[in-house]
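Student: One structure coming up, written as structure tokens, with questions to follow.
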Amino acid sequence: MLLHIPDILSADQVADFRRRLDAADWTDGRETVGHLGAQAKHNQQLPEASPLRRELGEIILVALARHPLFFSAALPLKYLPPRFNRYSGGGTYGFHVDGAVMNLANGEQLRSDISCTLFLSAPDEYEGGELIISDTYGEHEVKLPAGDLIVYPSSSLHQVRPVTAGARVASFFWVQSMVRDDVQRRLLWEMDGSIERLRQTGGDAEAVLQLTGVYHNLLRRWSEV
């Protein structure tokens, strides 16, 4: 499921992030990937051990926890903590698929079900830099307002087109969902949204209760926790 989630961060939060990130020390993004990835990846990244990365990442995780649409769509179980990258001067990342299993700092492993990009630059701040996500329906071009999030299956082939002017700053991270199957997650998300709309429009209370029970029974059947 490819989903645009607006306003994860407020305009004030984005401005604070940018002020601090613009003054940060960035490293070559190729240092964070293997040989094959390094051939396609040309960007800068905030070092993994950076206190700023950890601090800003925590702010993002708190914002996600408060966002009902994100929770409904992702059904998050674990996160690989947010990281930060910057593309400028022709920086790009060719077509690739994210790794299936990632190591967490506590020694646990995370299965990458959902890939997330949180845009921190406004579209008019840079040229190029579109996130291209390829799936069975074709290629989808993504370039969102600062503070907005795109989520998509980690199994998707994707790339970042060259940034030919300005700088594209973003946060990116991965989620292991309680429901690993993307089709099942989408069905649950659609059902949850329908139930909420029925509640808001004064739908039949008994029918809403029954549908809510169906939702939770499906989640119980499909979830891995």
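Cβ from N, Cα, C; glycine included.
Just lifted these from Swiss-Prot, have a look:
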DOMAIN    78-177  domain 'Fe2OG dioxygenase'
BINDING   H96, D98, H158  Fe cation binding site
BINDING   R168  2-oxoglutarate binding site
Student: Return the count of C-beta atoms lying within 10 angstroms of the C-beta of H96 (Fe cation binding site), excluding that atom itself.
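Tutor: Taking all protein chains shown, H96 (Fe cation binding site) has 16 Cβ neighbours within 10 Å.
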Student: Please list, in sequence order, the residues in the chain of H158 (Fe cation binding site) that are at least six apart in sequence and whose C-beta is under 8 Å away from its C-beta.
Tutor: F95, H96, V97, S115, L131, I132, I133, S134, Y152
Student: So, by DSSP, how many helix, strand and coil residues make up the domain 'Fe2OG dioxygenase' (78-177)?
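Tutor: Helix/strand/coil tally for the domain 'Fe2OG dioxygenase' (78-177): 3 helix, 65 strand, 32 coil.
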Student: Between the Cα atoms of D98 (Fe cation binding site) and R168 (2-oxoglutarate binding site), what distance do you get, rounded to the nearest Å?
Tutor: 20
Student: Can you tell which of D98, R168 has the most other C-beta atoms within 10 Å, given these are the binding-site residues?
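Tutor: Its Cβ has the most other Cβ atoms within 10 Å: R168.
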Student: Report the residues of the chain - excluding H96, D98, H158 - with C-beta within 8 Å of the mean position of the site's C-beta atoms, for the recorded Fe cation site, in sequence order.
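Tutor: Checked against the 8 Å cutoff, the neighbours are Y93, F95, V97, S115, S154, S156, L157, Q159.
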